[in-house]
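Among the features that TrEMBL reports, active site, proton acceptor is placed at E320. Among the features that TrEMBL reports, FAD binding site is placed at T34, G73. For 1-28, the entry in TrEMBL reads domain 'Acyl-coenzyme A oxidase N-terminal'. Residues or ranges marked as domain 'Acyl-CoA oxidase/dehydrogenase middle' by TrEMBL: 30-131. Taken from TrEMBL, the feature domain 'Acyl-CoA oxidase C-alpha1' applies to 174-335. What TrEMBL records for 376-552 is domain 'Acyl-CoA oxidase C-terminal'.
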Amino acid sequence: MFIPAIKGQGTEEQHEKWLPMAYKMQIIGCYAQTELGHGSNVQGLETTATFDPQTDEFVIHSPTLTSSKWWPGGLGKVSTHAVVYARLITGAQDHGVHGFIVQLRSLDDHSPLPGITVGDIGMKFGSGAYNSMDNGLLRFDHVRIPRNQMLMRVSQVTREGKFVQSDVPRQLVYGTMVYVRQTIVSDASCALARAVCIATRYSAVRRQFGSQNGGPETQVIDYKTQQSRLFPLLASAYAFRFVGEWLKWLYTDVTQRLQANDFSTLPEAHACTAGLKSMTTSVTADAIEECRKLCGGHGYLSNSGLPELFAVYIPTCTYEGDNVVLLLQVARFLMKTVSQLGSGKKPVGTTAYMGRAEHLMQCRCEVERAEDWLKPSVILEAFEARAFRMSIACAKNLSKFSNPEDGFSELSPDLLEAAIAHCQLIVVSKYIEKLQQDIPGKGVKRQLEILCNVYALHLLHKHLGDFVTTSCITPKQGALANEQLRLLYSQVRPNAITLVDAFNYTDHYLGSVLGCYNGNVYQRLYEEAWKDPLNDTVVPDGYLEYVWPILKQHIRTARL
């Protein structure tokens with residue numbers, strides 16, 4: 001976030017000064033926004049940056065304990081500089097939160113500079129996991145920086161102390177967020193693919209029950225209960241990969257528009273990436289835990305690779321935007337889009353479907369047989385109608401409140417569901433668009449079509465209440481979708497291992513005994529057990545002090 005923040009919010013002069021040093025690692029930067037008392041509510045940050053016109057400097061100060069910067073990655077022990085977000089004060093006027101480049105540590109001996117208190121916030125979830133990251137705490141005691149270290153692309157403070165807003169809209173900061181969140185979505189697909197690869201391979205190796213006449217037991221992957229839990233996650237891994245590729249294109253498009261001073265698509269791009277960051281990370285975190293359970297007791301072993309993957313991954317549900325808060329931002333954007341439908345302003349990008357309001361409010365699903373659910377147009381229309389009708393319902397209920405903010409607070413659970421429906425539509429539509437491209441190999445395209453249908457129909461089954469209560473489909477059509485979904489699982493099964501092998505993850509990268517490529521799971525489990533330090537001795541340390549007296553009934557002398 002350090003470099004993207006400077007690139008997005010800094011002037012050309014600031015780019016020339018700071019970016020070369022950052023790229024060459026002559027300075028190491030972090031992004032100091034979150035505080036002990038405020039995270040999601042950025043406008044509530046308490047750190048101050050007060051302009052001193054006599055010295056042409058800003059005075060950075062932490063006025064309260066809760067204004068301590070808390071959580072920035074790389075801050076605890078490594079960073080020499082930070083982009084610090086603080087309340088800009090000129091005279092007696094508070095101009096809100098702005099970014100400032102502040103040096104924290106000496107470039108000679110790495111000691112904190114005068115007025116800087118900095119350290120690590122301590123151990124986090126898990127034994128290893130994210131603890132390799134030095135998340136830090138930071139306090140300022142009237143630290144002075146030159147005026148030109150305020151990021152001044154969006155707004156400036158003159159030598160005389162006058163606050164000036166530039167022609168560049170404040171939404172410019174969305175550009176940085178779009179970049180960071182599209183990388184998080186791509187990372188979600190990778191993490192999910194790792195977990196699914198482990199669980200799928202192990203499910204093919206593991207056999208339980210079903211032996212007939214002394215023959216082999218049934219592979220766990222052949223049980224429908226295993227397939228119904230595992231294959232939608234496999235489909236999701238592919239879906240997230242394709243939407244991640246599309247988001248890279250979106251970021252490139254947004255960047256080109258910004259360079260041409262075209263900011264028209266920024267709000268929609270921001271809402272889209274915020275929602276997809278929220279949805280993909282929440283699904284992935286839950287899916288990694290589900291994959292652990294799909295591996296039974298052995299999944300709980302550290303060497304399965306899944307506990308560590310889970311502990312490393314789950315912070316993504318909170319950093320760069322709490323997932324619930326992000327969905328509420330998406331909901332606000334959807335409500336604004338709905339409110340503008342009658343004004344002649346056409347919805348753009350991922351909300352373009354709302355431009356067909358009349359059709360989406362009146363259309364009825366024409367599915368009569370289970371196989372009708374294999375038509376992309378049928379699936380897409382059902383998801384569009386559901387998302388639009390849920391947004392319209394929320395907008396109508398909001399209009400009943402005299403105070404819109406009271407209504408938004410009261411209806412926030414419904415608004416969350418509408419935002420989720422919109423985000424799921426985006427993923428489904430981008431998956432369908434991917435299948436319309438020139439994919440080499442009929443067999444490959446056929447497998448991707450099956451996975452696309454698994455992804456969409458699993459979501460429909462999971463959120464059947466939404467589709468039925470909005471009259472997008474009938475209960476009978478929902479039952480037909482579930483029937484088709486079961487048939488699709490049987491089509492995924494023969495190629496399940498090939499589909500996870502296609503991720504091309506090495507055994508070293510997976511870090512899992514259960515997910516090893518050669519399938520020699522039990523031998524490797526046995527070998528790994530003997531590497532445990534507890535097995536360095538046959539008789540455990542402390543046996544004579546703790547265990548032997550109990551065995552000999554010398555209870556009073558046992559140290560236990």
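Any Cβ shown, glycine's included, is placed from N, Cα and C.
Automated prediction, rather than curation, is the source of TrEMBL annotations.
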Checklist entry - Between T34 (FAD binding site) and E320 (active site, proton acceptor), how far is it from one CA atom to the other, in Å? => result 10
Checklist entry - Near E320 (active site, proton acceptor), which residues of its chain come within a Cβ-Cβ distance under 8 Å, counting only those 6 or more away in sequence? => result M1, M177, V180, R181, I184, K277
Item to check | Tertiary neighbours of G73 (FAD binding site) (same chain, Cβ under 8 Å, six or more apart) | outcome: C30, Y31, M133, D134, N135, G136
